[in-house]
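This report concerns only the one structure given below.
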Amino acid sequence: MKEAGCDDESTNGVVVMVEPYSQTEQIQHVIYRILDANLDRAREGLRIIEEWCRFGLNNAQLALECKHLRQEIANWHTPQMRAARDTLGDAGTELSHPQEEQRANIKSLLQANFGRVQEAMRVLEEYGKLTHPNMGKAFKQMRYRVYTLESTLLGYQRHQLLLRSRLYLVTSQSENLLSTVEAALKGGLTLLQYRDKTADDTVRLEQAMKLRQLCHSYGALFIMNDRVDLALAVDADGVHLGQQDMPIAIARQLLGPQRLIGRSTTNSKEMQGAIADGADYIGVGPVYETPTKVGKAATGVEYVSYAAKNCPIPWFAIGGIDPNNINEVIDAGAQRVAVVRSLMEAEQPTLVTQYFLSQLYRVKANA
Ligand SMILES: Cc1ncc(COP(=O)(O)OP(=O)(O)O)c(N)n1
Ligand SMILES: Cc1ncsc1CCOP(=O)(O)O
Ligand SMILES: [Mg+2]
């Protein structure tokens, strides 16, 4: 800010005090500087997000929304705001937080930039109200568009990762729960379901939270078995629901469109129902009888062949699948499988994961 009253000019030896900037002008100048800095900040953040939508996800629609937002922001950037810029005199240019120097992965890079854009828009909304009657309203609307963009982008990334996942580990109770899961993640696992039918909710919550963090640190998806409430509580990527669990429509209302919902199916009728209800993926089985699901009749590989010909959404053959019969399941048409004991009871879960994946990647994915 210019110091008030310090400018003077000499005319014919007579010192004439130049009218200092009025207080109103000084404040206006400061507001323009704030608006200028935050208009730039919002555009820069959006550009970083746009590059990922365009080159990382090949998603023209999301990239276009970033571009439209950037253009709309640019329309508010007036010459007076640009003229108020004083980079050398800006005490904030040297300030940076250690967290800004590090980004663990794309997810945290995107999160940081969404945060930056939303913060800048909030500043523009508030200070904009002092400058133009419509600026506050315009930036409020844009801020909500950015929230929607963030949630759409997250949902899109989840679906993409689901499509890429060939192996699904469903957990069982184990003293080595975390180390076994981590070993599988090291072998390339990208999809995990936490399943514990008997533990207290306090234990489930604690384990689910740890597993979600672990999965996300490896860039894998984390799904909660049976419980929509726990899925929300630990910010899971989705939930797996059986035929006796909550109806998909209600789960969808609670979870929103961006989280994944899986459904168990044992026959064509259940498969068609799950698809009609909007499941993101289905379980197909138990293919073989299994002590993990006592009393549930095996469907045989015939149902796997039926799914291969008729299921348009991602599906996972499940039930009694192990390294000895995986090729029989693949020959029946499976491209994705889910297992419990084969990994939870493996001596070397990393190697078994790698073996399963090597077999499953031999076949091309359709859905
Ligand atoms: C991938 C996958 N498929 C099927 C199931 C079984 O779900 P459900 O029938 O609800 O039985 P429980 O797992 O709740 O005992 C599953 N969990 N995952
Ligand atoms: C939960 C579930 N649903 C159908 S089969 C099954 C259990 C599969 O376990 P395993 O891989 O140990 O046979
Ligand atoms: Mg269930």
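A Cβ is built for glycine as well, from the same backbone N, Cα and C atoms used for every other residue.
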Request  = Select one of Asn225, Asn324, Asn325: the residue that TrEMBL places in the 4-amino-2-methyl-5-(diphosphooxymethyl)pyrimidine site alongside Gln193, Tyr194, Arg195, Asp196, Lys197, Ser264, Lys293.
outcome  = Asn225
Request  = Would you mind reading off the Cα separation of Ser264 (4-amino-2-methyl-5-(diphosphooxymethyl)pyrimidine binding site) from Asp245 (Mg(2+) binding site), to the nearest angstrom?
outcome  = 10
Message = When DSSP is mapped onto helix/strand/coil, what comes out for Ser264 (4-amino-2-methyl-5-(diphosphooxymethyl)pyrimidine binding site)?
response = strand
Message = Just to be sure I understand the contacts, which binding-site residues have a Cβ under 6 angstroms from any atom of ligand 3? Candidates are Gln193, Lys197, Asp226.
response = Asp226
Message = I'd like to verify something. Among the binding-site residues Gln193, Tyr194, Asp196, Asn225, Lys293, which ones have a C-beta closer than 6 angstroms to some atom of ligand 2?
response = Lys293
Ask   = Among Tyr194, Asp196, Ser264, the binding-site residues in the record, which have a C-beta under 6 A from ligand 1?
value = Ser264
Request  = Taking the Cβ of Gln193 (4-amino-2-methyl-5-(diphosphooxymethyl)pyrimidine binding site) as the reference point, list residues of the same chain whose Cβ is under 8 angstroms away and which are at least six residues distant in sequence.
outcome  = Tyr168, Leu169, Val170, Thr171, Ile223, Met224, Asn225, His240, Gly262, Ala338
Note = What remains of the binding-site residues Arg195, Lys197, Lys293 once a 10 Å Cα-Cα cut-off to Asp226 (Mg(2+) binding site) is applied is Arg195, Lys197
